Amino acid sequence: MQFDEALIGELYTLYIPYAATAYTLYFNGVEQVRMGEISKTEKGFSPQQQVKLHQFTVLATEIVVALQVANFSNMVGGAERAILVGPSDSMIKYYQSEKKREHFILGCFLFMVINMFSLYYFRRQETSYLWVGLIGLFLILWYVFSKDHLIMDIFPNLSWEWMTKLELLIVFLAFAFYNKYISVAYKNYYNQQIPFYSFVSLGILLVLCIFLPVSSIVILFNIASVLIIFFALHVAYMSYRLLRDKQPYARAIVLTNLAFFIPFIQDMFYIQGFINTNYYSIYGFMFFSFGSLVMLNFEHTKKYRESETYNLALTAINQGLEETVEERTRELREKNHQLELLTVRDGLTNIANRRYFD
């Protein structure tokens with residue numbers, strides 16, 4: 001790292017996001033930060049996941065930085081997260097702004113989930129709201145586990161292995177709920193046996209994920225990838241049929257499903273080492289959930305307007321029926337009065353008859 005002479009003696013800060021590896025950072029051969037335990041073998045390797053802010057004083061215009069990294073368990077090896085350097089005030093503000101941003105996004109997810117569960121509470125027959133709400137709930141859990149600050153604030157001693165397993169469990173369950181939502185929302189276009197097979201197959205992978213070592217997660221992810229690609233092909237065929245039949249929101253359905261599957265395919269290439277980017281499948285889940293939320297709200301608004309229109313029409317019909325009933329009742333009263341008169345007086349002479357005297 002190069003510094004101007006005017007910065008000598010200034011206080012700088014390293015912002016180190018959590019990393020699923022073990023590493024040691026040196027400045028000019030002097031250890032500055034240690035994360036976990038580095039080893040040449042998997043047996044002695046101990047990863048750690050923790051956010052760190054390390055302050056140091058600039059003592060020279062040039063600092064030689066060396067980073068030793070050990071990784072035997074993460075699907076993507078190496079130091080995949082950037083280590084940021086800057087003036088202490090700026091880095092602390094950045095750290096605090098990151099925490100605020102994460103809490104704001106978490107609040108947005110909570111609002112989405114509460115909205116879906118509220119709609120389901122008032123419309124129990126519409127189970128689509130329930131499944132989208134569950135997908136949003138698992139997105140919240142994933143966000144808590146994947147971001148730098150949230151899970152560290154709640155469970156500071158949680159090991160990286162279990163964080164990785166729990167994150168994978170959340171993604172598997174969210175995809176199972178995704179299948180169930182598609183089958184409920186588009187039951188005439190989606191094979192109803194697929195959700196059952198997805199729950200069974202992903203359930204087996206969940207059990208294996210819990211009991212197998214973290215180093216085998218790549219194998220489980222590859223198996224899950226094959227299953228999800230199969231489901232994606234079926235969803236693509238369903239989307240084609242929706243477009244062909246010109247169903248409501250067909251284009252929006254296609255866009256939301258593309259936004260879900262394209263990032264997932266990108267993650268597959270990333271894990272296999274074909275590209276050097278980052279994980280984006282969960283953002284596809286977010287876009288899909290948000291799009292589904294918007295479509296379901298539009299559908300709810302449409303049905304509400306239809307019910308209001310029907311209520312107004314029924315009110316007008318009921319009012320007309322009441323007027324008709326009142327008119328017919330008045331006519332019947334007049335007829336009854338005439339009949340009563342005919343029973344006590346003769347119709348031709350208007351002379352009181354025997355009933356009158358009785």
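The first residue you see is number 1, and the count goes up from there.
Placed from the backbone N, Cα and C atoms, the Cβ positions cover glycine too.
Automatic prediction, not curation, is the source of TrEMBL annotations.
Quantities reported herein were computed from a predicted structural model and do not represent experimental measurements.
Taken from TrEMBL, the feature domain '7TM-DISM receptor extracellular' applies to 104-296.
Residues or ranges marked as transmembrane segment by TrEMBL: 104-122 (among others). Non-local neighbours of the transmembrane segment (104-122) in the same chain are 129-130, 132-133, 136-137, 139-140, 143-144, 150, 289-290, 293, 296-297, 300; each lies 6+ residues outside the stretch with a CB under 8 Å from one of its CB atoms.
Annotated transmembrane segment per TrEMBL: 129-145 (among others), in sequence order. Under 8 Å from some Cβ of the transmembrane segment (129-145) lie the Cβ atoms of residues 102, 105-106, 109-110, 112-113, 116-117, 119-120, 123, 151, 154, 163, 166-167, 170-171, 173-174, 177-178, 180-181, 184, 282, 285-286, 288-289, 292-293, 296, all in the same chain and six or more residues away from its ends.
Annotation comment: TrEMBL describes 165-182 (among others) as transmembrane segment.
Positions annotated as transmembrane segment by TrEMBL: 194-213 (among others).
Below 8 angstroms of C-beta separation, residues 75, 168, 172, 175, 179, 182, 186, 189-191, 194, 198, 201-202, 205, 208-209, 212, 250, 253-254, 257, 261, 264-265, 268, 271 of the same chain, each at least six residues beyond the ends of the transmembrane segment (219-240), sit close to that stretch. TrEMBL lists 219-240 (among others) with the feature transmembrane segment.
Only residues 6 or more beyond the boundaries of the transmembrane segment (252-273), in the same chain, are considered here, and those with a CB under 8 A from a CB of the stretch are 75-76, 178, 186, 218, 221, 225, 228-229, 232, 235-236, 239, 242-243, 279-285, 287-288, 291-292, 294-295. What TrEMBL lists as transmembrane segment is 252-273 (among others).
Under the heading transmembrane segment, TrEMBL lists 279-298 (among others).
Long-range Cβ contacts of the transmembrane segment (194-213) within its own chain (Cβ-Cβ under 8 Å, at least 6 residues beyond either end) map to 73, 165, 168-169, 172-173, 175-176, 179-180, 182-183, 220, 223-224, 227, 231, 234.
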